[in-house]
Amino acid sequence: MGIHQLMQFLKEKAPNCFRTLMLDYFAGRTIGCDASMAMYQFLIQTQSAGLTQIIELTDKEGNRTGHLVGLFNRTLQFLENGIKPVWVFDGKPPLLKSGELARRKKLKEEAKVKTELALEQGDMQQALLQNQRTTTISSIMKEDAIKMLQLMGCPVIIAPCEAEAQCAELCRAGKIYATATEDMDALTFRTPVLLRGFNTKKEPIYEIIYDDMIKELELTYEQFVDLCILCGCDYTEKIEGIGPGTAYKLIKEYKSIEGILEHVQKVNAEREKNNQNPKYTVPSKFLYQDSRELFITPLVQKGDELQLTWNKPDVDNLKKFLIEEKGFAESRIDNGLKRIAKKDPAGFQSRLENFFGKTTKIIHPNNSKAKAKSNKKTEQPQKSGGKKKI
């Protein structure tokens, strides 16, 4: 979920923190990409409605591959435009997120029932919509994505916890230019630059500058965190009766959630005297202090301690993995290689050598030995796969 309605709120209250830019603006930049968020997007985008069934891309064993298609093409798109992607995956979710995860699981189960009902009724558009809401990422899908990206020579980080928090840490450490994610809580984790909208080639990308945002809102970082918690985040329930606009006014006046809670208590007590319903409803488990702590001091690997290494793509093993194991069409991969080669008459290899210089793959400290011995060949590919009917 990220932070509820934060994007719209910032457009209204801090419009000067936004810029809309085309992809080629970021040439030469290193961008930290929220891989888990991107995988969900790609899995949803690669589903389609047949006459009587929902169709998904899969390998010969039935494992979904839409996320690989998307990550592969997105990586090629970045490389074509001179952008260095660093892919960051979620680690173990914080305990504070268990309530939100349980809520999402319930919604997915409900969507599964609605999918089956829509299929029985022959309403394929409704079936597709509901099936998209059942999307989950399995451990196999995550492992496949990591393997493919590493074979492509890209840096891969497995965060200890939240990917957005790890990206924000890398950005503050100067290891990357920006965090690319649709989750607005990257700002709550204090990423200096947030990029949203890497969906199509032709649409502009939103760049949000944290310092400009804070300056225009006239808030401290701690107050902004409290604002985000009041808007609604993944770690606690929110106070009913307080939306983003009201939250902002209250933070400006009372400075913190503690001050606002005192105000809420007085307002509700006064209304009770007048036999009126309470204006605000504070949840019984309003874990704002724990949520605040998680945003301000998240579990991350220190940016200064991470070694980033870009390697040349291992084309032979990449082709073997995508074609033989995952059912990609060889022509799709070769076409992907050509997309890069077109940018440099001298060919794909020299372009990558010029682009990567002395190389980047990010290695989790616990797996550094195993992953450091990557084969050093020369190239890079693109999509395809089987189809699975639901």
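In case you wondered, yes, glycine gets a Cβ from its N, Cα and C as well.
Mg(2+) 1 binds ASP90, GLU162, GLU164 as Swiss-Prot records it, and from the list ASP24, ASP34, ASP212, ASP226 the residue named for this site is ASP34. Together with ASP183, ASP185, Swiss-Prot lists one candidate of ASP123, ASP234, ASP290 for binding Mg(2+) 2, that being ASP234.
The region 'Interaction with PCNA' annotation in Swiss-Prot falls on one of the ranges 258-266, 303-311, 348-356, namely 348-356.
In the predicted model, the region 'I-domain' (126-254) shows an average pLDDT of 94. A sphere of 10 angstroms centred on the C-beta of GLU162 (Mg(2+) 1 binding site) encloses 28 other C-beta atoms.
Annotated Mg(2+) 1 site ASP34, ASP90, GLU162, GLU164; additional same-chain residues within 8 Å of its Cβ mean position, judged by their own Cβ, are SER36, MET37, VAL88, ALA159, ALA163, ALA165, GLN166, CYS167, THR181, ASP183, ALA186.
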